[in-house]
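Beneath this line is the structure, given in structure tokens, with notes to follow.
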Amino acid sequence: MSTGRTSPDKCGLYIVFSCLRVPQLVCIISAFFLVLDKGIRWGDISNRIMFSWCFCIIGTLTIVILELYRFPTDFPFCWYNFSITYACYAALTCLSAAIFYPITYIKFLPYDASRNRAIAATVFSCIACVVYVMEVACLWECYKLKEIPCYVHTMPGLLKVLETFMACVIFVFISNTSLYTDQPALEWCVAVYSICFILAVVAMLMDRDEWESRLPVSFPIFHLGLTLLSILLHFTALVLWLLYHFDEEYGGQPQQSSDVNCIDRTTNGMCTWDQRLAVAILTAINLLIYMADLGYWAHQVSVGAGGQPTDS
């Protein structure tokens, strides 16, 4: 991968900072303090949504500080990859918060001021997501992306971002150890999520010329093998998760009403059965993403593509 030094002009950097960074911070900080006020937070999932907003606040502030100290000028290539990757993850984080917060908590809130604040926080999270997406588009143009190869800008790069992010969301739900404790089949599912996440991170880190040259096989075949392995692992996890959680023959609960934890919805925004279903849906979605990734690399191998993935 080329490491040519091409950086945006000062005017472009100023526009990104003044027109995007500030709205991002305003929206996320507003969302955080709206739900922080008067104890709107309920349960572990809500606390993790709060943490995701904190992550975006800290990450954006860090980028602003580094930009003020001219870090991008000294390390333009490294900074470009970092900033655009962070913007992608931040957009997905704000989007997931805007989705999970309403469906797991807002609908259980009473119709009073606390509900209005929670709805306002969701709106701010949506706006922050849009602004982060605008930042990604602005960075592509500002840094003249076609002259600086970036893994995140390629089709497999974007898919890897989605794969790792979906894995992180799954980790949030399986942090409830009661979903799999003392059940070897379900513990295997947790191991699969961890293994596939590590493989995806390794695949992203291996996208460097110095690493590609050390591979015993071509770069597309390497990615094809990793992706195929991840698909097989995810398939076993999906089947086992569905069987042991939703099939009565394996001790599962096919209906929400059969879970006593779901009876009282005023003390917990998301019951155990809902969390099981969420993990199953997220696993299926991630499996589809891996299949799209496999299709891309199978095409690259069939046409004899080189080690560096092409922009799609």
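Cβ from N, Cα, C; glycine included.
Per TrEMBL, the features are as follows:
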{"type": "DOMAIN", "residues": "12-144", "note": "domain 'MARVEL'"}
{"type": "DOMAIN", "residues": "151-302", "note": "domain 'MARVEL'"}
{"type": "TRANSMEM", "residues": "12-36", "note": "transmembrane segment"}
{"type": "TRANSMEM", "residues": "48-66", "note": "transmembrane segment"}
{"type": "TRANSMEM", "residues": "78-106", "note": "transmembrane segment"}
{"type": "TRANSMEM", "residues": "118-140", "note": "transmembrane segment"}
{"type": "TRANSMEM", "residues": "161-179", "note": "transmembrane segment"}
{"type": "TRANSMEM", "residues": "185-205", "note": "transmembrane segment"}
{"type": "TRANSMEM", "residues": "217-244", "note": "transmembrane segment"}
{"type": "TRANSMEM", "residues": "277-298", "note": "transmembrane segment"}
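Residues 44-45, 48, 85, 88-89, 92-93, 96, 152, 186, 190, 193, 196-197, 200-201, 204, 230, 245, 272, 275-276, 278-279, 282-283, 285-286, 289-290, 293 of the same chain sit 6 or more residues outside the transmembrane segment (161-179) yet have a Cβ under 8 Å from a Cβ within it. If you look at the transmembrane segment (185-205), the same-chain residues 6 or more away from its ends with a CB under 8 A from one of its CBs are 151, 157, 160, 163-164, 167-168, 170-171, 174, 179, 211, 223, 226, 229-230, 233-234, 236-237, 240-241, 243-245, 283, 286, 290. Sequence-distant residue pairs (6 or more apart) of the transmembrane segment (118-140) and the transmembrane segment (78-106) include at least 3 whose Cβ atoms are under 8 Å, placing the two stretches in contact. Across all of the domain 'MARVEL' (12-144), the predicted model scores a mean pLDDT of 80. Panel annotation: around the transmembrane segment (217-244), residues 156, 163, 183, 185-186, 188-189, 192-193, 195-196, 199-200, 202-203, 206, 250-252, 276, 279-280, 283-284, 286-287, 290-291, 293-294, 297-298, 300-301, 305-309 of the same chain, lying at least six beyond its termini, place a Cβ under 8 Å from a Cβ of the stretch.
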